[in-house]
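Participant: One structure follows; several queries about it will come next.
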């Protein structure tokens, strides 16, 4: 029976959206060519993965349709996470194939897959809304407007019921923030933002209490059906309520398939092989106990399942779909899967193609038969009470191919169906530019990451304690060296202030940067694996985003301390230049800290190496020791303190701000010979300097800056690449 078409009336939320009316139910069509993501079925066959001589997966096969949840269960070490990594394309396959809608998995299709990791990895100081906004700005297509991205963020927040906590910080062990269940939903929300067709979730209920876990799974179940998503998840030991939410079950034992089929049929399967479940026993607990049993029991289960694969009738029963009114049917995708199991030559064309048709039956999506000669396709639909309508793809007659196509609001604008109210629509889908590797440009990634890095780092760098420390040190040093006379007897005091200032801020910046990359490692690894942005954009953004923060506190210290030191000879030009070299040395030290932190990643090791390097820099800086043994003189050239300290002396001790000679027993030859002021070059020579001019010291500091930053990038790119 053909689907009738008539005038459009109110009933769909979008003014351009089409609705069909059939059997008393509304079906909302996508808002034209930018409608929702096309449903995708997953078909994986004979997946084998090895690590060395150990087989992690051995000939694992399975299939799942849009709107369904496939649960992968098994004891620890059975290969559950390995299977998800293989399906996502993050693990190389030894053998086997993975198809999405009949198309072999490739880089283009990987964009339609999201992978929710078991551990909820976030920046703890960002709110949930900020986390989602930054993710949207990075991972949604460049052509999508900012308003559309924000609308999509709000839509995901509403779907996952996160409205009440959207302005709460993520938090961590030290700061209270989101609850465990909210963090898990936030983790899922970040991946759903890209509107994937296939969702992979690694133990989404781990660490949650039974009530929170059930609520989360209910949300996932509703989302899968309403949004027509294909869901594959691993779960360790679910409650019976959660267990029966799964449409399909894949049971693994030592990397092999122990069962694959309808979740409701697994108890019958075990009963069929002589392992009946006791009354009122959680089936999930029961089957896990069996696959964790003796080697003999494990082999019995695996062998029995293999035998069902050779029995077409029994295998079909395990994959039978329970439809509306208790009727059963086996969809085309499962029929093709059975053909493959029973040894028939399964041509790739038999797999569901991207243009094949989906219909909705019993609030579940089913794939209709493969392409056939031109015919009419009857729309079958029953909507359960209280469940919102879902989008549906309608097959139409195409004389050239006989295949269905996606509805277009321009071509169907004059052929709408009469509909009643009740349909809900979600934000329009975005189309990826398949010719580009990244969803956004380098400039967009740089801007967003710079803003995010500034927001994330600000609480740590400009914390209340750091402000108290900076203000206290500024006042303390200013009072200690307050109005120091510029004469030979107090020359060491002036040099002491410069050396202390240079050394302290070198230590502050270097040690503060050690934990920068290690603390972000897991977040960056997750985002890089998902292809969110370029490493170069992240690295440049980190340099620029943290720059205002790293120079703020030294600048405040200098503004407080230096005028108190040089109150009688205060020169604005000298003040500004001194500040410039202090900040330059601070930024160079931060670069060294970033490199050491990236190279080591282990905080204890990086602290040890940094302590050794900074102490050596102080010893050879030109203040603590002015007479260095000849065979150790080369070490002063690697001292960060040395060049900044020399430049500050060159600027400070100039003819316009002279230092008077001692009245008696002067240690400078010029004073002994009758001079009243100490020549600036004599002061520099007495401090054991290299004798380099101001510009040469500055260039060497800049060289340190660029070398450390380039080395840090090389380490992250070639040695810290996510696997």
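Each Cβ is built from the backbone N, Cα and C atoms, and glycine gets one as well.
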Participant: Looking at the ranges 435-456, 457-478, 611-632, which is given as transmembrane segment in TrEMBL?
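Facilitator: Feature transmembrane segment in TrEMBL: residues 611-632.
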Participant: Need the matching range: TrEMBL marks transmembrane segment on one of 386-407, 408-429, 496-517, and I'd like to know which.
Facilitator: 496-517
Participant: Can you dig out which of the ranges 671-693, 694-716 TrEMBL describes as transmembrane segment?
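Facilitator: In TrEMBL, the transmembrane segment feature sits at 694-716.
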Participant: Counting Cβ pairs closer than 8 Å, which of 496-517, 538-560, 575-599, 694-716 has the most of them with the transmembrane segment (611-632)?
Facilitator: 496-517
Participant: By a Cβ-Cβ criterion of under 8 Å, what residues six or more beyond either terminus of the transmembrane segment (496-517) are in contact with it?
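Facilitator: Here the qualifying positions are 457, 461, 473, 477, 481, 484, 524, 542, 546, 550, 553-554, 557-558, 561, 565, 578, 582, 585-587, 589-594, 596-598, 601, 603, 606-607, 610, 614, 617-618, 621, 623-624, 640-641, 644-645, 648-649, 652, 712, 716, 720.
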Participant: Where does the mean pLDDT land for the domain 'ABC transporter' (42-279)?
Facilitator: 88
